[in-house]
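Notes for the one structure printed next.
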Amino acid sequence: MTGGAWRPSNAACLSGRPEPGPSRDLDGWSGRQASSVLCRLLSASRHSDEITEALLRQKLFVLGSLVIGSVLYLVARVGTLDRLQPICPIESRIHPSEPEQIPLRALQFKRGLLHELRKGNASKEQIRLHNLVQQLPRAIIIGVRKGGTRALLEMLNLHPAVVKASQEIHFFDNDKNYARGIDWYRGKMPFSLPHQITIEKSPAYFITEEVPERIFKMNSSIKLLIIVREPTTRAVSDYTQVLEGKERKNKTYHKFENLAIDANTCEVNTKYKAVRTSIYTKHLERWLKYFPVEQFHIVDGDRLITDPLPELQLVESFLNLPSRISQYNLYFNATRGFYCLRFNIVFNKCLAGSKGRIHPEVDPSVVTKLQKFFHPFNQKFYQSRFHRPCQRVGWPRLSAPSRSCSSYQDGVVLMSPILFAV
């Protein structure tokens, strides 16, 4: 060949039968040998190019995935924050000259910092820069035990203007804690922004005689939340929790029927604490000596389990908060049998596994006797000050309230329909 260097054709290399090449030897090699060597070199070069292209595609895929993930996170984050509006705090009607309120967007943005504070990871400088404070609660979930107090507190914490005390403080019902003073109590509260609402819950408050007066002395205008369930169901749930504790310690315990019914009189045993706690009206009378009915809101604990959003929206209204908890924040977990909480696209939370314990079977005649016993107390609980025209009778069967029965008008609580069993 003349006019340039000779190389075998691609077709010859691909066929595996290299063409002979020039008739003369190339540095002592025959033309066929040279052709074979050059084919191998060309094949190695193509293979190297393919590897390089594959690595490049892999790097581009990883980079693209990171970019897409970041964009989706920012879209979800900004989309949520942009829907939030400035809050109207509880005290705005009393103190109209207060400075401009912090927008909910800022409150949502600070959640990460507040979480670090709860873990003890934030510095004093961060606390000062972000104007964070430990506030006394402006609302307290005072009961009822086994009514759903923990579920209510966790669900309200979905609202960006609400900050919860994670543990039960037991300040007002424990003489030793109460003697430590109000500053000790404030020190147990979480850090928050000035216009966020701090909420704590201690179910024992509702049934402890000294608590109403003690809370009144701290704040006579505080908002009080009471979550109740059908009284017999609540009593059995109370018993179940105690029974489980006994079984963990390998201890025996009486049957529910033997505790709830007096063996001598065959009547309901009102000395049994689980029964006494379910007589809601007896405890509420003590609270009404100190606080007007407008400062109470009754949450339907049975409905909070099956359809939580309407109950939470009523509480938002009661606390003078803009409606921010939506169906997006609540999803039903079929495995657990309860609603779980969705704070954002990343963070979900379900209640502790101890929630939703299976109740032991109770003699139907005992259930009927208890329902008849509680009936007059249930009636009194919702009559007079708490009765509303839309109130219906027949607990525990519930029905959705009409719009007129599930709103607040002129500071008066309009109760959702709660029924009473006979």
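Glycine is no exception: its Cβ is also placed from the backbone N, Cα and C atoms.
Automatic prediction, not curation, is the source of TrEMBL annotations.
Check TrEMBL against the ranges 1-27, 379-405 and you find region 'Disordered' recorded for 1-27.
The disulfide entry in TrEMBL for Cys350 points, among Cys266, Cys340, to Cys340. Distance noted between the C-alpha atoms of Lys146 (3'-phosphoadenylyl sulfate binding site) and Cys350 (disulfide bond) is 17 Å. The number of other CB atoms found within 10 A of the CB of His359 (3'-phosphoadenylyl sulfate binding site), across every protein chain shown, is 13.
Within 10 Å of the C-beta of Lys146 (3'-phosphoadenylyl sulfate binding site) we count 24 further C-beta atoms, all protein chains included. Taking the binding-site residues Arg150, Arg357 in turn and counting surrounding C-beta atoms within 10 angstroms, the largest count is reached at Arg150. Neighbours of Cys340 (disulfide bond), defined as other CB atoms within 10 A of its CB across all chains, total 16. Most other Cβ atoms within 10 A: among the recorded positions Gly148, Ser237, Cys350, that distinction falls to Gly148.
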